[in-house]
Structure formats: structure tokens, C-alpha cells
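Following: one structure in C-alpha cells, then a few remarks.
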């Protein structure tokens, strides 16, 4: 293999630049040329492809976002559109592709693989919802961003004796909410994977108030429903002074944590190794702190699951 491509797709996550850097430097170390594909699959279709050198990825390991930009490209689901992308890859002499992104990005890589073009997926999403890996690139940074925000909100919640409902990202996965809620001692954590009884939530808040608790923190993953509606329901049912904070896209930004930089470097380099070995159609991950790779088609057939023990622990510690 003499030439590979790399792209980032879907929602950005802190650490993507570190992964790009690792792909480029690992490949060049093995005398392989690297081409960056800008704006994800949309740039692949349009041919926005440029050669990357060592200097192209200098001074980016500590930067959030993605140097290659990103975009969503629903039209890539069309086989004819994907063929245009493959034509662009072949036009530039690219023999293998590293795709950094989340579930949708993996779906694109899977489809390209099924159409005969070797791809390796690298998990880049703050949601931590990709099967085949314990952690995704960006999750740790986003988690620390959320924890920092909740710490600050707790200060003002204490001062004003208020209940705060804090919405975090996670349409289908509650990892951010669960980990942040446990780390910050939230009174209640609501996630898409677990059903909840609003009356039970209210009863828990009332019990806390009866024993002298002056404030409460409720962490809600966006996939559960409207945090605003939940806040209104709580205030009406308890008469507690209640506020709602939606953290939004601040969770996707910022300089990546040390953990995300190291994880991205390891996974990006491993993706190149797989392409060199002729092992396309794979996705890389980290499990028990060891690098692993899986068939991308088989990985996508799996379902992300929440850590049930951690969820139970969060309930036991929030009594």
C-alpha cells in the first residue's frame, strides 16, 4: 500500500486532530503517502482531497475540533453516490481509507467496504456509543467539560437552595449523563437506556428535602426527553425553586484531555497498521486498556449497552 486517505465525519469530538496526526505520521513513517479528505463524505464525493505532509499535522494534537472539518452527508447512503466517492479515491491513487467518526461514519465505511474499498473505522464521538470499544475519542474530554459545568452549577444551586435539571448530550446513549452524574453526586440520573418513574423522582427529591437537603442536581441525557418539561413537572409537583440548564455544544469543544490524546494516537496508528496488513473492513478500539480490532460489519450489528452495575451504584449512592 502506497497511499491512504483519512477523513472525519459526523459530529466532531475532541481528539480527532490527535487521531489525524497519528494516521499521517504513522503512515509517513512507513513511506506511505496520506491524503486528507475535507468535510467528510461530502468532500469525498466532491473531490476535496489534498496531500498531507508531516507539517500539515504539526501543532494540532492539543486542539479541539478537526483540521479536516466535518459534515453530515445523508446522500452517501445511495450506492451510486458512494461509487462517485470510490472513483475520487481511485483518481487520487488512494488504496485504503481511515474513517474517524461515530455510528453514521461507520455505516459509510461499512458500505464502502461492501463495495470493495478497504476502510478502517476509528471511534470518534463524545457519546461513547460505538460497539467494540470501551471508550471513544472525545468522551473523556466531554465528560470533564460536563463535570466542570455541574460543579459550577452546584455552587449556585447551593447558594439559592434550588433544584437544577441539567441536560447533557446523548440521544441514544446515556454514558455522559451516567458518568458525570456519578462523578458529581447527582441526586437523580435519567438516561435513554433505563425507564424511569417521574413520581419516584419527585418522591426522592421530597425525601431529601425532609432530611434538610437544600439543593438537588438532576442530570438528564437529551434522549430521555425535554429537560425543560421535566423541570416544570418537578417544580409543579414539589414547589421547589427549579432551574434548567442545557449544556449543548460546549460539550463537543475544547482542548482534548490527556486520555483522549493518547487514545486517539493509539487508535489512529493502529488503523494504519491494519491497512498496511491488508486488513480493511475493520474498526479499532480499546478494551481492558488493550488495542483491539473487529470486523466493522459485525461490530455494527452489536448494540451499545450501558454499564448496569454503574447505573445501580449511582442509584444506591444518591439515596
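Using the three backbone atoms N, Cα and C, a Cβ is placed for every residue, glycine included.
Among the features that Swiss-Prot reports, active site, proton acceptor is placed at 127. If you look up Swiss-Prot, you'll see 11, 72, 73, 102, 103, 104, 105 marked as ATP binding site. Summarising the annotation, Swiss-Prot assigns ADP binding site to 21, 22, 23, 24, 25, 154, 185, 186, 187, 211, 213, 214, 215 and lists sequence analysis as the type of evidence. According to Swiss-Prot, the Mg(2+) binding site annotation covers 103. What Swiss-Prot lists as substrate binding site is 125, 126, 127, 162, 169, 170, 171, 222, 243, 249, 250, 251, 252, and the listing cites sequence analysis.
Counted within 10 Å of its Cβ, the other Cβ atoms near residue 243 (substrate binding site) come to 15, all protein chains included. Remark: residue 185 (ADP binding site) has 217, 317, 318 as non-local neighbours, by Cβ distance under 8 Å and separation of at least 6 in sequence. The most densely surrounded of the binding-site residues 11, 102, 104 is 102 (count of other Cβ atoms within 10 A of its Cβ). Every protein chain considered, the tally of other Cβ atoms within 10 Å of the Cβ of residue 72 (ATP binding site) stands at 15.
Neighbour counts were taken at the CB atom with a 10 A radius for the binding-site residues 73, 169, 250; the maximum falls on 169.
Reported as a whole number, the C-alpha separation between residue 252 (substrate binding site) and residue 72 (ATP binding site) equals 16 Å.
Cβ neighbour counts within 10 Å, taken over all protein chains shown, single out 21 as the most crowded of the binding-site residues 21, 25, 171, 213, 252.
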